[in-house]
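Some features that Swiss-Prot has for this protein:
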type	residues	note
DOMAIN	1-159	domain 'Obg'
DOMAIN	160-332	domain 'OBG-type G'
BINDING	166-173, 191-195, 213-216, 284-287, 313-315	GTP binding site
BINDING	S173, T193	Mg(2+) binding site
DOMAIN	355-433	domain 'OCT'
Amino acid sequence: MKFVDSADLIIKAGKGGDGAVSFLHALFVPNGGPNGGDGGDGGSVYFQGDEGKHSLLDLKLQKKYSAQDGFKGDIKNMHGANGEDKIIKVPVGTILYDKKTNTILADINENNKLVLIAKGGKGGKGNARFANSRNKAPTIFEAGELGQEFEIRAELKVLADVGFVGLPNAGKSTLLRAISNSKPVVADYPFTTINPQLGVARTKNNDTFIVADLPGLIQGASLGKGLGHQFLKHIERCLVICHIIDASGNFGSEDIIKNYELIRNELKAYNLNLEKRAEIIVLNKMDLDEAQLNLLDEKIINYFKNKKVVQISGLKKENIDQLLFMIYEELKIAKKQPLWELDKNNDQDEIAIYKFEEQKEDIQVYNKGNNRWEIAGETIFKIYQKFPIWTEDNLLMFNEKLKETGVYETLVKKGIKKGDFVKVFDYELEWTD
């Protein structure tokens, strides 16, 4: 399957069903009362973690997802059926962003985790709901509310306990094969690994953890060079970083230290908190004579003396048990501190509960000239959408709700006169006061 780790989507929840206007018609009941039922609620859009999925390819191919609209109410106080919800299954490790604000809406980090992203509109009330002592035969009804609609970005960040990072050809893929049942492509040229590879490692004590071989980094990766951002984002989910270094570098200690600092600087530039992650420096290819000679250099000894270092040969599987033991010990410590605590100062990676703040928008009044006015705003739109002026009672209710907002008072203060016209979205109404 093609590995796709990001997709842009439009999701739309269902509209609520309209309330019904009807009256009882029965033998011997000549003046039956109102019995219009309420509309059903629109379906909502959910995302659900699915450990059987490993790519966002499905989302890339289908970019629009909609839940079903609610059904309208009916006679005899019959309630309209609710619209069917839409559940979109994504790989565990998917993060959903609001494209407009770039804030995190949800972190789907567990199998079967169900997250509500777009809520369906509430069904409108039927005329039976509006009967009272003053109006025993109302023709008032509510239209169903619109469902929420959003543009979102889905990103898949590999969920692994440990991430292998390093320059191309550091031997990460060979090491992954040595410690797990994974079979990544291995060859003697840069960028053999172009997608994250996962494997399950097992210690001598049968303790297991998940390892990700992350594609080789180059200088400037934090700025997006090479396949920079595409790879670096996967490291954010790893609790322990294993920095794999080719110890057989042609330029000895200078090569080893330079390569280490290059990768460290890229991690730091991309996300300051990556610098705080538990790190193990893995000096690889120790089966080669050049590597043995390089590590005799005092520069290397002094530079790494206060760091956690292990010497191994991924190809010959030498010292692998010690590496696995060190990783597992670091993991036990790291797992006591949640990942978002490590990143609590990083706004980019803040864990946010999906929540859309309702926009508070002032009512707007425009004098268009030639005896024409226009009113707009979120509050006005909600009234316009909720009370279609298809019946006389709804027109009266529409006017009453607008009056309650204070917009009529504003129009008077601005100089509206009898006979002027007021545009309210698709409606154009004559001012009669």
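Backbone N, Cα and C atoms are what each Cβ position is placed from, and that goes for glycine too.
Recorded features from Swiss-Prot, shown on the structure.
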{"residue": "G166", "record": "GTP binding site", "DSSP class": "coil"}
{"residue": "K172", "record": "GTP binding site", "DSSP class": "helix"}
{"residue": "P215", "record": "GTP binding site", "DSSP class": "coil"}
{"residue": "K285", "record": "GTP binding site", "DSSP class": "coil"}
{"residue": "S313", "record": "GTP binding site", "DSSP class": "strand"}
Cβ packing number for K285 (GTP binding site), 10 Å threshold: 25
Residue counts (helix, strand, coil, in that order) that DSSP gives for the domain 'OCT' (355-433): 31 helix, 19 strand, 29 coil
Across the domain 'OBG-type G' (160-332), average pLDDT on the 0 to 100 scale: 79
Binding-site residues listed as N169, S173, S313, least Cβ neighbours within 10 Å: N169
Cβ neighbours of K172 (GTP binding site) where a neighbour is any other Cβ within 10 Å: 30
Distance, S173 (Mg(2+) binding site) to K285 (GTP binding site) (CA atoms, angstrom): 13
Neighbour tally for P215 (GTP binding site), based on other Cβ positions within 10 Å of its Cβ: 25
